[in-house]
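S.K.: Dropping a structure here in C-alpha cells format, bear with me for questions.
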Amino acid sequence: MSEKHPGPLVVEGKLTDAERMKLESNYLRGTIAEDLNDGLTGGFKGDNFLLIRFHGMYQQDDRDIRAERAEQKLEPRHAMLLRCRLPGGVITTKQWQAIDKFAGENTIYGSIRLTNRQTFQFHGILKKNVKPVHQMLHSVGLDALATANDMNRNVLCTSNPYESQLHAEAYEWAKKISEHLLPRTRAYAEIWLDQEKVATTDEEPILGQTYLPRKFKTTVVIPPQNDIDLHANDMNFVAIAENGKLVGFNLLVGGGLSIEHGNKKTYARTASEFGYLPLEHTLAVAEAVVTTQRDWGNRTDRKNAKTKYTLERVGVETFKAEVERRAGIKFEPIRPYEFTGRGDRIGWVKGIDDKWHLTLFIENGRILDYPGRPLKTGLLEIAKIHKGDFRITANQNLIIAGVPESEKAKIEKIAKESGLMNAVTPQRENSMACVSFPTCPLAMAEAERFLPSFIDNIDNLMAKHGVSDEHIVMRVTGCPNGCGRAMLAEVGLVGKAPGRYNLHLGGNRIGTRIPRMYKENITEPEILASLDELIGRWAKEREAGEGFGDFTVRAGIIRPVLDPARDLWD
C-alpha cells in the first residue's frame, strides 16, 4: 500500500500528555491507592482518571441524568466500567456464578454485558466497590489487567465448536500470547490485591516504561470463520492446519477501524499479510510486532498512533523486515486460507468429540432479567448444572460448550423457559451494536438501545422484498471510534449526533472490505428509505448467492474502498 511514500521510522516532536502521564505513573501506580480512600468524589482525579484504564476500567457517568444532576449542583453520577481479561472468551461455570452474583449485588444496572472482544463488562461499579470487584475476580482466577488503554488488549480466538481439537490448540496459543504480552508491573497486585510492595525495581522488557503508543489488539483465527473480524485488529494469527492439527500461522498486521469525523488523516484499514510462521516462532514474532510498534509508533499524536498508521508511514515491507530481524526468522509465503462467514451458528452443534455445543443468541450481549425473559437467571441455573464451560463469542453471543448427550434436554429446557432460545430472524442474528448511551462518554448517537427497534424495521423491509430468509451484516456504532465494528459491515451506521448517523455501504459478508460513506448525518427514516430502495434492488437484481455488500459494489451504487489510507474519504 505505502512503499511509494516511506516516511521516518520515528516521529519527532512534542510528546502527547499521555506519554508524560505514563512516564510519571511509576509503572501504572499513580496515586490510585490514595484516591480510592477519597470519599469526597465518586470518581478518580487527575492522571488516575486515565491510569485506571490500564487496570481494566473506564470512569463513566449516567448521561441520561447528567443535566438533571448539574441542575441540582451535584457532580455526575460517576461509576466505573470494568472489562475482564478473558483470552478466547472461555469462562468456567464457577467463574460465571461469581460474576452473576457481583453484577446483581454490586452494580447500578445489575447486568452482565458480553462484548465483541469476547469478554464481559460490568457497568455501574461505584468507587466503593472497585477494589472488591478486582478481589472477586482474583478469587476465581480472573483479572482485568491490560483490557484497556495502551497495551495488548484481550486476545480473541475463533469460537469454533466443530473442530474441537483445533479450537483447543488455538485457544492455548491465545492464552500464551496474552500472558506473554502482559505488563510485568506489580501495580495491579499491589493496589487491588493488597500484595506487598517488593523492593526490586519494576521492568517492562516488552512494553517499555511508557507502554505502547496506543491500544493494541490481537486475534487467533480459525478459517473458514472470521467471527473475530481479524481486519479490526493490529496483529492476527490465522491458524493453518494439516490433518486437523495446528502447524503454524499466517500473520496479518495493521488492521483497525477507528476514525474521526472529518479528519482525513484518520482511516479504517484492513490488515496486511506478512507471511507464514511455524508454531515455535509464535511468541517471538508476537513480541517483535509489539516492540516494533512500541518503538516506531507515533507518540506525538494519539489519533495517528495505532499500528495501521505506522505501517502506512514506514511501509509494510520495512515493518515486516524489522519484525523478521527482531524475531530472528524469515516469514515463509502465506499459506492458502479462505473465509466463508462471520456469524455464529445459533442453536445446537455437534462437535467432533461427541459433545454438543449450544450457541445462544444474546441481543447486544446484554444479560439481564427482562419481563417474561429471565436471561440472567436462566444462565445462572445452567451454570449450576453444566459440567463444561461457557464461551463468549465475538458476536456478543454465548456458547454452552461441551454438553454430553445425556444433559442436552435438561439444559435446553432451562434455556427455553428463560427466553434464551426464542426464535429470531437471520437479520437480527447478524446485527450488532456497541453500548453507547447512557454510559459511554464518547457516544454521539444511540446504538445498543437503538438497534432492536431498528432491526424490527429492517425485518419488515426484508419481508416486503421477499428476502426474510437472508441477512445483511449490519452494525451500529455510537461514535467513530468504532467499537460496534460498523466499518467492516455490509451496512454500517456510525453515530454523528443524537438521532443522526453516517450510512456506510459496500463492506462484504466475510469482513475483508471497508465500507464507504454513502450518506452523511441522516436520520432513521432517511436511512430506512435508502435501505428500502436498495434492499428492493438487491432482491431483484442480485446474482446467485451474492451478498448485499457485494451487490452494492457490482451495481455501481458505491465505489469499493481499495486502499483506505488513500481513497476512504474520496
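Cβ coordinates are placed from backbone N, Cα and C, and glycine is handled just like the others.
For reference, Swiss-Prot lists these features for the protein:
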- C434, C440, C479, C483: [4Fe-4S] cluster binding site (BINDING)
- C483: siroheme binding site (BINDING)
S.K.: Please work out the number of neighbouring Cβ atoms within 10 Å of the Cβ of C483 ([4Fe-4S] cluster binding site), leaving out its own Cβ.
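M.R.: Here the count is 23.
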S.K.: Would you list the other residues of this chain near [4Fe-4S] cluster - those whose C-beta lies within 8 angstroms of the C-beta centroid of C434, C440, C479, C483 - in sequence order?
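M.R.: Filtered neighbour residues, in order: V435, S436, L442, A443, A447, T477, G478, N481, G482, G484, G495.
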S.K.: Within 10 Å of the Cβ of C434 ([4Fe-4S] cluster binding site), how many other Cβ atoms are there?
M.R.: 27
S.K.: Enumerate same-chain residues with a sequence separation of six or more from C440 ([4Fe-4S] cluster binding site) and a Cβ-Cβ distance below 8 A; give 'none' if the list is empty.
M.R.: Q60, C434, G478, C479
S.K.: CB neighbours of C479 ([4Fe-4S] cluster binding site) within 10 A?
M.R.: 23
